[in-house]
Amino acid sequence: HYASSSFAQATSILSCQWLFRIRLLIKGLEDYSVNIYLRQQWYDPRLRFNRSEGLDTKDCVKLEDKIWEKLWVPDVFFRNEKKADFHHVTIPNRFINLYPDGKLWYVMKISATLSCMMQLQKYPLDTQICPMMLESFGHTMHTVVFKWLPNKSVEATDDLSMPQFILKGYPTKECSKNYTTGSYPCLQVDFILQRDIGYFIIQVYIPTVLIVILSWVAFWINTEAIPARVSLGLLTVLTMTTQSSGAGQSLPRVSYIKAIDVWMSVCLVFVFASLLEFAVVNVYSRRDIGPKKASTRTRSGSVPRRSFTSTSATLIESGGPTDQEGSPSVCLSPGNELFPLQQINNTARKIDKISRRLFPLSFIIFNVVYWVMYGVVK
């Protein structure tokens with residue numbers, strides 16, 4: 001039985017990790033889970049032994065299982081832990097090697113769920129930084145000092161992969177903290193996780209762009225094709241609303257605005273604006289219906305060939321060309337005012353022509369601002 005005792009100076013614990021699985025739990029917004037090999041190294045002069053013949057300084061002795069219950073081992077715990085377990089299948093997944101100079105090498109396999117407060121203002125173009133903090137539970141820095149192993153403090157397997165994230169790096173630092181009982185040693189590694197946007201490009205961005213472009217087709221449809229333009233406008237608005245609702249069901253529930261909320265809202269505004277544009281065009285085109293009907297009735301001889309005045313409209317003789325019976329071309333206009341036959345209709349067509357350029361240009365400008373602000377600017 002090896003009992004721990006006080007040392008003249010603080011014991012240095014060199015620690016390193018081998019990361020072979022990491023997974024973010026998106027629904028919780030606060031958790032991520034990891035599978036690691038936690039490796040620790042320290043010196044205990046009480047455990048020195050003489051090397052046997054034929055052994056060099058690199059040889060070591062593997063101690064029996066559960067010897068860690070009889071030896072002094074560092075009291076390490078995860079400061080931001082929510083749940084953690086050792087692995088015991090098919091045997092306890094940990095061991096201790098002892099070197100002749102008293103160095104101990106302690107390795108254990110751990111699965112842990114740790115807290116990670118995610119910032120989703122740029123979701124799904126975000127990058128998350130999730131910390132893992134290893135701290136001493138009962139020893140202050142006067143008795144124990146934690147240090148990262150030089151060169152290879154944290155390593156990861158080559159086949160490490162996640163469905164929605166890419167591991168960009170894992171910088172290390174110290175996180176010692178002062179409590180009422182003293183300052184306790186702590187080591188921290190930050191996992192930098194960049195979200196893979198491929199899924200969202202296929203499922204969200206491309207479909208919404210196509211819906212917005214489809215709403216612009218109405219600008220090339222004749223202003224008199226009211227059923228076609230109304231159907232197209234309502235179809236795109238309803239489809240965009242459904243797309244937005246479907247994307248929102250899988251999004252995290254947070255109180256602030258996310259990047260995808262901005263995208264979906266602006267796309268919905270563009271689609272709705274194209275429907276309103278048709279309403280404006282329809283108003284201008286319908287104001288020309290009265291004059292066209294009145295002109296047709298005059299040319300057919302059902303009304304007098306000279307101008308007359310009534311309470312609702314005025315028939316005005318025109319100096320232009322006459323029909324086959326010699327009757328003058330006339331224009332009937334509300335309010336006793338003269339309007340050229342095609343003046344209002346030309347205004348409606350002009351609005352459509354302007355919209356054909358204005359809407360795509362505005363959408364391109366929005367895309368440039370959006371992708372620069374959320375994708376490029378850190």
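Every residue gets a Cβ built from N, Cα and C, even glycine.
Taken from TrEMBL, the feature domain 'Neurotransmitter-gated ion-channel ligand-binding' covers 30-196. Residues or ranges marked as domain 'Neurotransmitter-gated ion-channel transmembrane' by TrEMBL: 204-299. Annotation source TrEMBL lists transmembrane segment at 197-221, 262-284, 358-377.
Away from its own ends, the transmembrane segment (262-284) comes close to residues 204-205, 208-209, 211-212, 215-216, 218-219, 223, 226, 229-230, 233-234, 236-237, 240-241, 243-244, 247-248, 344-345, 347-348, 351-352, 355, 359, 362-363, 366, 370 of its chain (Cβ-Cβ under 8 Å, at least six residues beyond either end). Note on the domain 'Neurotransmitter-gated ion-channel transmembrane' (204-299): DSSP counts are 80 helix, 0 strand, 16 coil. Over the domain 'Neurotransmitter-gated ion-channel ligand-binding' (30-196) the predicted model carries a mean pLDDT of 88.
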